[in-house]
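What follows is a short report on a single structure.
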């Protein structure tokens, strides 16, 4: 574990430092999306798992590299191969892991803006990751068990520290997390998913963040005006938050439910996060039947 442990700490500490610099200097979005690439390099170099994916049973008959339509793909990507329902991705899998670290590092920072939301979603996702890992510790595959155990050791400190932070960050907040925490939390979860060999399941836990990112794309890429803080508008007379033109899940929730108090909005978003994580755990235990290797 020494190599994985040191690589994990290097990537997490780099993102922690990047978050601090962003809080102080207000880094443009184009750098926020590219700097995690550098932070993920120790993680990718230390990765010792497989680079293949199992094709679902119902797709195996239609996915074959010998078919005429697959000829251009095989020419461009000669390292691709399929054997008994297993698709070897090679370097493409490293590209996927790189994209995952960039996404996770920024996703919690993008879905933010109300007291308790950043720490709350981190706590919910981390608890879901811990639950997944604990259910996998009885596997007979020793390398897989050790990978999940490594993830457990990463999640327990994250859950404990985030719970303590959430106590003071809940409405009315006595402290603010800033980009330092959001980048740290996102990279920690990404590291746990990649080195724990369950990165695909991790994306199921990030369904709200995936939706929020896709919905925010026009603003993130300056197609639509993007202010520094994409927050809802507070009515000082009623204490209610009203939606603004900003394209994120926070404002979308207010458009659907109507104006509400900040603490109620946080609870609503975290309940949605819990439902998605619960669905992710359920899907994770149903899917193995679709991926049996013959």
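Every residue gets a Cβ built from N, Cα and C, even glycine.
For the transmembrane segment (6-25), same-chain residues at least 6 beyond its ends with a Cβ under 8 Å from one of its own Cβ atoms are 32, 35-36, 38-43, 45-46, 101, 105, 109, 154, 178-184, 186-188, 191, 195. Per TrEMBL, the feature transmembrane segment maps to 6-25 (among others).
For the transmembrane segment (37-55), the list of distant contacts is 3-4, 6-8, 10-11, 14-15, 18, 63, 82, 85-94, 97-98, 101-102, 105, 147, 187, 190-191, 194-195, 197, 200, 291, 293: same-chain residues at least six beyond its ends, Cβ to Cβ under 8 Å. According to TrEMBL, the transmembrane segment annotation covers 37-55 (among others).
Annotation comment: TrEMBL describes 93-113 (among others) as transmembrane segment.
Residues annotated as transmembrane segment in TrEMBL: 119-137 (among others).
The transmembrane segment annotation in TrEMBL covers 149-171 (among others). Through the fold, the transmembrane segment (149-171) approaches residues 1, 4-5, 8, 114-116, 118-120, 122-123, 126-127, 129-130, 133-134, 137, 177, 181, 185, 188-189, 191-193, 195-196, 198, 262-263, 266 of its own chain, all at least 6 residues removed from its boundaries and within a Cβ separation under 8 Å.
Annotation source TrEMBL lists transmembrane segment at 183-207 (among others).
If you look up TrEMBL, you'll see 265-287 (among others) marked as transmembrane segment.
Taking every listed stretch (93-113, 183-207, 265-287) in turn, the largest tally of C-beta pairs under 8 A with the transmembrane segment (119-137) is reached by 265-287.
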